[in-house]
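Student: Could you have a look at this structure, given as structure tokens, before my questions?
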């Protein structure tokens, strides 16, 4: 069996022309004899450093960092922080006598990847005063608490320490309310209950604005915590709309329960629910009086644009007006599920009509049902077929031909009458199906 590691260098240099730069780096780290591959192939130094950090190869890094400029070293710091390579960071920091390598990205990356020992080391080294925003984004209470304690380490009263530090930061950055306004809002936006609870426990007054970010986060426990500690659900549309955007059904139900908003006068709330695709919220709003029949079936068009077949089905069952535009949008964008929902619903309507006619001899057909059934006539299906063909939606065309075999004759006519369509579609794929 051939030992590939002992092939002559000339062979490896030749192989280097046929493999990726990252694979060359990996070869170099397997055996230091292959390091000449790196220089021979003129590989980007950042890629070499990146790979070396990933495998924690101190030898390669020490060999390269002496020739690396400040920006390159910052890159090494960031990548090492992300991968938790503490020894590499300490090795570089020892050579940084003028704080040239101060880089908040490295601190944020270490917090993001939860290598908090690296975060604390860098914060201490460069005497960072402001708590990095990533601690609030990722809910690293360890870092937040440690930095507060670090600000007033001689004070034995923890609650007093927190409040004094908050007041200090507020006074220092009052021009844009850097800490107190923005950072805790981030914790609310990302739904970190434990971080918000920490500030409440340490006598920080709760702001009404936090409730909006909590509704947006979709964390129901956080919303209840803030309401329990002074936030109020006013009867305004903005909070309801924010909760709907967040997409948590329990939060929306909770807000509706504690407010007196007339949803019949608030079509915007329904539009948001449809655009975000939350069928549960759509049903909830309807049960609370929200209108779905406004603007000649605008609801149906919005649902079709988003490709939400379950919402389209719900609207059909509730007899929302449906124009051909709904099917046109679905055909153009390739939303086969919406086409299927419509045809299935139309077939059910037709079956009901036929069964009643057989038993009673006649029946009064609802206008909505009559309209839906008429859309499925060949002429209207022809339109859907053309829209699908023009936009190369072969899956929809295939489905239509399966359900309506007579459309194949119409398809041939369309191809003959409109040769420009045949140029835009994959005919082989179509006829294969």
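Just so it is clear, glycine is given a Cβ too, placed from its N, Cα and C backbone atoms.
Take a look at what Swiss-Prot says about it:
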{"type": "REPEAT", "residues": "44-70", "note": "repeat 'ANK 1'"}
{"type": "REPEAT", "residues": "71-101", "note": "repeat 'ANK 2'"}
{"type": "REPEAT", "residues": "102-131", "note": "repeat 'ANK 3'"}
{"type": "REPEAT", "residues": "179-205", "note": "repeat 'ANK 4'"}
{"type": "REPEAT", "residues": "206-235", "note": "repeat 'ANK 5'"}
{"type": "REPEAT", "residues": "237-264", "note": "repeat 'ANK 6'"}
{"type": "REPEAT", "residues": "265-294", "note": "repeat 'ANK 7'"}
{"type": "REPEAT", "residues": "296-321", "note": "repeat 'ANK 8'"}
{"type": "REPEAT", "residues": "322-351", "note": "repeat 'ANK 9'"}
{"type": "REPEAT", "residues": "380-409", "note": "repeat 'ANK 10'"}
Student: Who are the long-range neighbours of the repeat 'ANK 2' (71-101) in its own chain, taking Cβ under 8 Å and residues 6 or more past its ends?
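Tutor: Long-range Cβ neighbours of the repeat 'ANK 2' (71-101): 45-46, 49-50, 53-54, 56, 58, 61-62, 65, 107, 109-110, 112-113, 115, 117-119, 121-122, 125-126.
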Student: Mind tallying the repeat 'ANK 4' (179-205) by DSSP state, helix then strand then coil?
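Tutor: Split into helix, strand and coil, the repeat 'ANK 4' (179-205) gives 20 helix, 0 strand, 7 coil.
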Student: Counting by DSSP, what is the helix, strand and coil composition of the repeat 'ANK 9' (322-351)?
Tutor: 26 helix, 0 strand, 4 coil
